[in-house]
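A short worksheet on the structure shown next.
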Amino acid sequence: MNSISTDICIIGAGPVGLFAVFEAGLLKLRCHVVDALPQVGGQLSEIYPKKPIYDIPGFPDILAGDLVRNLMRQIEPFHPTFTLGERVERFAKLEDGSFQLFTSDGTEILCKAIAIAGGLGSFEPRKPAIESLESFESGKGVYYMVRDPETFRDQRLVIAGGGDSALDWTIFLADVAKEVTLVHRGTTFRGAADSAEKVKALHEAGKARLVLSSNVTHVHGNGKLNSVTITANDGTAETLDVDSFIPLFGLTPKLGPIEDWGLELEDNAVKVNTVDYSTSVPGIFAIGDINTYPGKLKLILCGFHEAALMCQGAFKYINPDKKYVLKYTTVNGVPTL
Amino acid sequence: MTDEVRVYVEEAPGQRTEVVGPTDMGLNLMELLKASGYDIQATCGGMALCGTCHIEVLAGPDLDEPGDDEMAMLESLPILSPGSRLSCQIRITERIDGLVLRLMPQTA
Ligand SMILES: Cc1cc2nc3c(=O)[nH]c(=O)nc-3n(C[C@H](O)[C@H](O)[C@H](O)COP(=O)(O)OP(=O)(O)OC[C@H]3O[C@@H](n4cnc5c(N)ncnc54)[C@H](O)[C@@H]3O)c2cc1C
Ligand code: FES
């Protein structure tokens, strides 16, 4: 089992979780960040990377994706560590007041305080309504994300979807897999126009197959996937031998396991004390979109403010006997850990 | 001119709840449904970017055809029916009076 030890474990690599790393670093607290998504940035990377944001102080406008890149640069001096593509499932509080966290892939994180920056919850794949699909999950032939393209080397693949991920992975995996078929229910693509052109070119060159106006409607196999049925909008169907089926229909957020952690909740959000954004469990803090208090605004700016105050609270929880003295970064620069 | 419209949300076959919405507030159907207590995530706040306000129109007046952004988003969802729409892209005007709809599940 992979085990990590740190001062603060931050759940969620959205803008608020990332900025919390900076604020913690100023107090010389080490951070480990966990996110269910394979990339950092939360909603900014997942939903609107190319949209400009206008209400970040000091930036009259900045693209969401660029803000995430800047936040990553800003926290570099503190060398945070990351576990991406894994969801935090449960926690245990140890006798000395520290915590043990476990992720969906069994990673263990030992930490002195927890900062939940889980936003809208963890983004989970949207699953098509195909009977018995779930029985082929967990390595048995159905994958909702491509974590390691090598998993698919020399395989026969069917990818489904019409967005950027479906197009991008079709292009990439055409070189890795033995056969790739992209099935899309429509005739136009939501993804980037040049990616759609590339997929069409691969199809014409015989390097990938493109099946439009169709859906994957059935999956077959015994313990392991061995074929899928593709049904066209006009009702004609074909069954194709495959090793893996990768439905890529985007992600949808779910509050998920944090809901069952025994924290005081209100309207699906974690109630906090605005002095330090502590929750009803000492040592666990909640910042950003996931928390609630009178007057709460779900804005990045407000999450940044909460991160700064939260770190003071976490510092006191971790070091009950140490006195904290505020130091301006203009005086000392950015310290390293 | 009517300043209110009625839409009907089908919770189970044959079981419909009436929702009344004002036409003079520039609302969209997602906002009306959310304000009426329906469990709609509407993650992107109505920008046709998330698909979490997906509904199925079952009956009622003819609506304008979906725009390009709406169509593209709908096509990327795993569950689609001939009446699928993004409720955030439908404005509350007298043209939608009498619409019958149901909320679509997010995952299978
Ligand atoms: C279209 C759109 C436009 C917006 N425009 C603006 C704007 O102009 N200005 C502004 O201030 N705000 C804007 N917002 C709101 C802003 O995006 C949010 O306030 C901000 O993303 C909140 O940041 P966060 O870090 O709290 O959460 P998020 O960005 O939601 O990140 C949370 C992360 O936590 C992860 N997570 C959750 N639970 C777990 C778990 N159990 N295990 C592992 N990982 C987990 C999720 O996968 C996610 O990546 C906009 C939002 C949208 C959708
Ligand atoms: S609210 Fe996001 S698409 Fe309608």
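Using the three backbone atoms N, Cα and C, a Cβ is placed for every residue, glycine included.
Automated prediction, rather than curation, is the source of TrEMBL annotations.
A:D35 (FAD binding site) carries a strand DSSP state (E or B). Marked as FAD binding site by TrEMBL: A:D35, A:Q43, A:Y48, A:V88, A:F123, A:D289, A:T330.
The domain 'FAD/NAD(P)-binding' feature in TrEMBL is assigned to A:7-294. Computed over the domain 'FAD/NAD(P)-binding' (A:7-294), the whole-number mean pLDDT of the model equals 95.
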When C-beta separations to chain B are restricted to under 8 angstroms, which of the binding-site residues A:D35, A:Y48, A:V88, A:F123, A:D289, A:T330 qualify?
A:Y48
Out of A:D35, A:D289, which of the binding-site residues has the smallest number of neighbouring Cβ atoms within 10 Å?
A:D289
Cβ under 6 Å from an atom of ligand 1: which of these binding-site residues qualify? The list is A:Q43, A:D289, A:T330.
A:Q43, A:D289
Of all the binding-site residues given, A:Q43, A:T330, which has the fewest Cβ neighbours within 10 Å once its own Cβ is left out?
A:T330
